[in-house]
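See below for the structure under consideration.
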Amino acid sequence: SVGFKAGVKDYKLTYYTPEYETLDTDILAAFRVSPQPGVPPEEAGAAVAAESSTGTWTTVWTDGLTSLDRYKGRCYHIEPVAGEENQYICYVAYPLDLFEEGSVTNMFTSIVGNVFGFKALRALRLEDLRIPVAYVKTFLGPPHGIQVERDKLNKYGRPLLGCTIKPKLGLSAKNYGRAVYECLRGGLDFTKDDENVNSQPFMRWRDRFLFCAEAIYKSQAETGEIKGHYLNATAGTCEEMIKRAVFARELGVPIVMHDYLTGGFTANTSLAHYCRDNGLLLHIHRAMHAVIDRQKNHGMHFRVLAKALRLSGGDHIHAGTVVGKLEGEREITLGFVDLLRDDFTEKDRSRGIYFTQSWVSTPGVLPVASGGIHVWHMPALTEIFGDDSVLQFGGGTLGHPWGNAPGAVANRVALEACVQARNEGRDLAREGNTIIREACKWSPELAAACEVWKEIKFEFQAMDTI
């Protein structure tokens, strides 16, 4: 007789194991599974476990050459999603042996690879991952982290302020550097290259780096504060990216920037290693994230991309605002903000956190609030994000009627007023507008900003109901 039974068999016979007790070394995943009509949830969950680990669609004789029990993913728990018809959260455990050490790329290729095109599922979304400490320890993580960044910048007890230079495309390098100088001189801590500023014909990267470095040093000398500009090192090849980072280091600037999703995790991890070795901070922009995370039934939740970034490495990452033009629901946003900053996060389904996660002292990442925010939002932002954050006002600085430097002054005054009020025990949520109005009395720059933006609101239905 043949040594194995050929043919197609149900995934659930091998990969659905409700009695399995998860190991501390397993990578755990929570998938939101929408099976095709007629496909039972156990089969759908088992199919996800199989296709993202050792399985294939039919029995193969080479299965006999290995121990499936040792290497297979297991769907160990399934629960229906309240309020949704035929949708389930399927929990899958993956043995650690399946993954290459220190490679986010390999982890994602397995867990969110082919399985997302699987025909038995209408849709599939990865909601959360539990990264075991044994795997966390194979990554360097953020180049420096929150505490080291504060020590490098000598800035404590308040959020940091940034500004994206606009118009994002079309300025010459010298005019760009001038805008950087004005913002930093006015009182911001950082300015930022837009994510799509790389090295275009109207402004090559080397010219931009030089003029921005000049702006940094001039504003530092005049204000006595340490300043930075996120020089975007993202490039078409990894070699070119590192070349740009090397030039930034030679200029002596404090921070560079990378678009980690369009650039890719392999490139990002290389850059993070370079930044740690050379004392550069690394600002991460999440361009392309909404392609992956915006639909609630398919793709990947941003909290997974945030965890992946903390492993791959970055000191800042954009994380939504809760209040501006880009969406983000408060509790869910705060859930992944805590995942970025804290060393230990408890499971809390109300905040979208499916697993308890320990980071074994991997440095934290500063969340960046950016997108359609202005001075009237300052009390809410200070309250929601706390001190360990970067608040970035692009149009909210450069749109000031008197120019860039007064725009920066307005933001800095508003921030200092909110921090002082909070430290005095006032309630920012209730008294926010009053605090800003009081500060307007002694800051004409802030008063002018408040007048311009008093009516602006970005209020639409939440998008992820599609």
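Here the Cβ of each residue, glycine as well, is placed from N, Cα and C on the backbone.
K5 (N6,N6,N6-trimethyllysine) is surrounded by 8 other CB atoms, counting those within 10 A of its CB over all protein chains shown. The feature N6,N6,N6-trimethyllysine is assigned by Swiss-Prot to K5.
What Swiss-Prot records for N114, T164, K168, R286, H318, S370 is substrate binding site, and it gives sequence analysis as the kind of evidence. Sequence-distant contacts of H318 (substrate binding site), defined as residues of its own chain at least six apart whose C-beta falls under 8 angstroms from its C-beta, comprise I284, H285, R286, P367, V368, S370. According to DSSP, H318 (substrate binding site) is assigned to a strand segment.
Using a 10 Å radius centred on the Cβ of K166 (active site, proton acceptor) and all shown protein chains, the other Cβ atoms total 16. Residues annotated as active site, proton acceptor in Swiss-Prot, with sequence analysis given as evidence: K166 (among others).
Summarising the annotation, Swiss-Prot assigns active site, proton acceptor to H285 (among others). All protein chains shown were included, and the count of other CB atoms within 10 Å of the CB of H285 (active site, proton acceptor) stands at 28.
For K325, the entry in Swiss-Prot reads site 'Transition state stabilizer', with the evidence type sequence analysis.
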Using DSSP and three states only, what is N114 (substrate binding site)?
helix
Using only the residues recorded as binding substrate (N114, T164, K168, R286, H318, S370), report the maximum Cα-Cα distance in Å, whole number please.
37
Which has the fewest other Cβ atoms within 10 Å: N114, T164, S370, the binding-site residues listed?
N114
